[in-house]
Amino acid sequence: MRPHLNLEPNFVNSGQVALEGGEKSAYSAFANTPYTPHAPIDRCERSLHHTNRSQYDRDEDHHHQWFVTRSAHIRECLTEFLGTFVMICFGMGVNNQVVLSEEANGTWISINMAWGIAVLMGVYCSEGVSGAHMNCAVSFAHAVYGRLPWWKLPGYCVAQVVGAFLGACSIYLLDYQRLSKADPNKETMYHNFATHPDTDINNLTAFYTEALATCMLLLCIYAITDQRNRSPGTVGTPFAFALMIMALGMSFGMNTGYAMNPARDFGPRLFTFFVGYGSKVFTENGYYFLIPIFGPLVGGVVGAGMYTFLVQVQHPTEPEDLSFATYAAPQKHAGRCLVNFAERYAGAAAVGSAGPNLTALVRPLLGARQQHLTRAVSREDHRHELPTTGPSSGKRSHVTMRFSKFRAGASHELRCSLRATRGCSPGAHYPTFRPPSSKAAETQSSSTKPRFTMESSYTTTTQPVIDVADKSGTYAPYADTPYSPRQVDRCERSLHHTNRSQYSRNEDHHSHWFVTKNPHLRECYSEFLGTFVMIAFGMGVNNQVVLSEDKEGTWLSINMAWGIAVLMGVYCSEGVSGAHMNPSVTLAHAVYGRLPWRKVPGYVVSQFLGAFVGAFVIYLLDYQRLMKADPDKETMYHNFATHPNPEINNLTAFYTEALATGMLLLCVYAITDQRNRSPGTVGTPFAFALMIMALGMSFGMNTGYAMNPARDFAPRLFTFFAGYGSKVFTENGCYFLIPMFAPLIGGVLGAGAYEILVQVQHPHDPSEY
């Protein structure tokens with residue numbers, strides 16, 4: 001299908017081609033890209049011109065150049081090559097610089113940060129054409145879950161390996177003199193290019209390490225790119241990936257060097273073989289080179305599957321049915337909530353038999369159902385034609401919804417007009433009425449209510465401009481979410497913004513045994529997954545810093561990795577449950593009416609289970625090192641649960657935990673206050689990450705800044721079952737009770753301080769601002 005030309009002259013499409021979506025295959029490469037996918041074609045930032053550029057024909061003059069290919073797949077392979085080449089140049093460069101300078105020009109943190117930025121640059125180089133996989137494990141997982149055609153997989157993988165090979169070649173030439181001086185016999189310096197296991201671990205642990213790290217990589221990728229969850233948007237997504245790669249190195253890099261990418265390891269390894277390092281690059285450590293090839297492939301499929309089955313397939317496919325309107329499933333490319341809204345209400349209006357009946361059907365727009373709406377932000381002027389059924393005849397007709405640019409938060413009127421062949425002139429505007437008060441709509445005189453007429457062709461034009469329901473509607477559970485709330489001005493969901501887990505789905509969707517119909521159970525799934533991800537990153541960096549004796553991380557690494565851990569947890573679960581991941585947050589929300597009390601037990605249990613399983617997977621990851629460092633299991637449980645500094649007593653410890661958690665909740669409520677300085681959809685998760693980093697830097701010395709009963713008690717309970725004994729509970733005068741109860745008290749106080757001093761002080765009338 002060729003692009004459809006929208007010839008209506010306006011500023012938006014002047015000089016551009018507005019695309020209706022094209023064939024699915026043309027857009028599929030972007031639909032779920034591994035590192036930073038394009039949003040749906042109705043994404044407001046690129047609302048009228050958003051597709052895979054490589055899929056569309058260009059003018060013939062462009063093709064007279066011999067080096068320009070007409071094959072879409074070849075273009076994708078070329079960009080995969082370039083993106084991987086750029087990523088490897090940055091990554092191999094920092095590896096060699098740190099090692100050859102003997103840490104005079106960089107440290108382990110330099111490696112972590114540079115690899116994160118390397119991925120960022122690779123994304124910018126190739127995402128717009130191929131999706132910026134740059135990793136065979138990502139391409140393979142996408143093929144397994146239907147996000148990439150299998151026939152494209154070989155081309156992607158070959159391009160990635162070749163890009164990695166040439167990237168290693170470039171850096172080898174860059175550092176040739178230093179490499180020859182440091183290793184004239186070519187015995188060891190190939191380790192700067194290909195990964196290798198630490199001498200303290202065996203190949204089984206190495207395989208588990210690579211599989212687990214890649215599992216977390218793909219899990220977070222799928223979470224970040226899920227448009228129905230907390231997506232960081234077009235601008236924020238590449239930065240989220242960069243931070244994710246940094247945290248993976250800080251938390252999972254000690255055992256094997258965190259390849260997580262067959263191309264990143266095999267391409268440079270093959271290059272070192274050709275430049276004279278010999279067959280040992282393949283045969284050492286029992287043919288270790290096979291592990292960074294197959295470990296990531298297995299782990300990537302598992303991680304992508306975890307997110308797919310626990311969160312993605314649990315998303316509702318359609319809103320709940322209304323008693324007064326028959327709902328038809330949304331058009332495939334009609335992603336805007338206004339369109340879905342029109343299919344429900346305007347579709348019902350089209351089958352009405354008389355004008356008064358139509359008025360009765362439209363009135364719920366402003367009344368009974370307005371809790372499902374939020375402040376609308378429509379960036380541009382768009383038209384959508386929606387199929388409906390004409391009155392009594394059963395013929396196909398269309399309702400064209402047009403919504404215009406307007407300012408979020410302003411008070412707007414609903415203007416309904418019907419273009420007909422009789423009863424009114426085309427495009428006539430009728431008297432208006434104003435939301436959000438349903439009483440006002442009910443008490444209006446008949447002369448001020450909108451009038452409707454139907455034309456014989458059943459074509460109706462409706463022009464709504466909608467301001468929205470009270471903020472206290474069904475959006476309230478999200479309005480102040482604990483870690484990462486939805487923003488009311490999110491353009492993709494500008495007119496229908498609620499907790500997606502609240503809606504029923506069609507029967508076909510429920511044919512899968514693993515898809516639950518229970519909204520609360522879906523929320524618990526996402527709380528479990530978000531907490532699991534957060535704890536896996538956090539416990540990983542704790543153990544890596546301690547077990548490496550600060551060689552592969554420092555206190556700063558711990559602060560940074562815990563902040564990014566929260567960021568990844570937000571992306572995994574905010575869109576369904578609100579991403580509490582902390583009983584203190586859940587309790588504070590229940591106390592201040594932001595979460596029903598009946599949901600508190602399910603949330604808390606899910607958080608404890610997620611933390612328990614997260615501690616378990618990290619214990620397996622570092623088991624060999626833990627046994628070597630503490631064979632009698634006397635001290636290393638401190639890597640999992642917090643403990644007080646020897647210089648402070650329990651009273652000071654209690655105050656520390658209460659104060660730190662009070663600051664946490666106070667800042668959470670401030671960041672999520674839509675009537676204050678909210679950082680917006682993209683900025684909110686990053687604000688939370690920075691907040692967690694600062695809390696560790698400012699309040700972590702006395703107790704290790706638990707600030708979360710689930711984060712402390714569940715890993716502590718795991719260490720008890722793992723054989724560390726009852727001392728994990730009895731030491732320091734039953735200290736374990738302090739990180740259980742102090743955060744609960746401090747959280748309620750901190751949230752209350754913001755509520756009383758700021759939140760409730762907001763004027764109710766916007767004119768008072």
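Even glycines carry a Cβ here, placed using N, Cα and C.
Annotated features, as they stand in TrEMBL:
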| type | residues | note |
| --- | --- | --- |
| COMPBIAS | 377-386 | compositional bias 'Basic and acidic residues' |
| COMPBIAS | 440-458 | compositional bias 'Polar residues' |
| REGION | 375-397 | region 'Disordered' |
| REGION | 427-458 | region 'Disordered' |
| TRANSMEM | 77-94 | transmembrane segment |
| TRANSMEM | 106-125 | transmembrane segment |
| TRANSMEM | 153-174 | transmembrane segment |
| TRANSMEM | 206-225 | transmembrane segment |
| TRANSMEM | 237-260 | transmembrane segment |
| TRANSMEM | 287-310 | transmembrane segment |
| TRANSMEM | 524-541 | transmembrane segment |
| TRANSMEM | 553-572 | transmembrane segment |
| TRANSMEM | 602-621 | transmembrane segment |
| TRANSMEM | 653-672 | transmembrane segment |
| TRANSMEM | 684-707 | transmembrane segment |
| TRANSMEM | 735-757 | transmembrane segment |
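Below 8 A, the CB atoms of the transmembrane segment (602-621) and the transmembrane segment (524-541) form 3+ pairs separated by six or more positions in the chain.
With a cut-off of 8 Å on Cβ pairs spaced 6 or more residues apart, the transmembrane segment (77-94) and the transmembrane segment (653-672) reach fewer than 3 such pairs and are scored as not touching.
For the transmembrane segment (237-260), the list of distant contacts is 35-37, 108-109, 111-113, 115-120, 123-124, 127, 135, 137, 195-198, 201, 205-206, 209-210, 212-214, 216-217, 220-221, 224-225, 231, 291-292, 296, 299, 536-538, 540-541, 544, 547-548, 552-553, 557, 560-561, 564-565, 567-568, 571, 621-622, 625, 685-686, 689: same-chain residues at least six beyond its ends, Cβ to Cβ under 8 Å. Outside the transmembrane segment (206-225), and at least 6 residues removed from its termini, the chain residues within Cβ reach (under 8 Å) are 32-37, 137-138, 141, 197, 231-232, 237, 240-241, 244, 248, 252-253, 255-256, 258-261, 288, 291-292, 294-304, 306-308, 311-312, 529, 533, 536-537, 568, 571-572, 617, 620-621. A contact between the transmembrane segment (735-757) and the transmembrane segment (153-174) is absent, since fewer than 3 of their C-beta pairs, 6 or more residues apart, lie under 8 Å. Within its own chain, the transmembrane segment (684-707) has Cβ neighbours under 8 Å at 230, 232, 236, 239-240, 243, 483-485, 487, 555, 558-560, 562-567, 570-571, 574, 582, 584, 642-645, 648, 652-653, 656-657, 659-661, 663-664, 667-668, 671-672, 678, 738-739, 743, counting only residues six or more beyond its boundaries.
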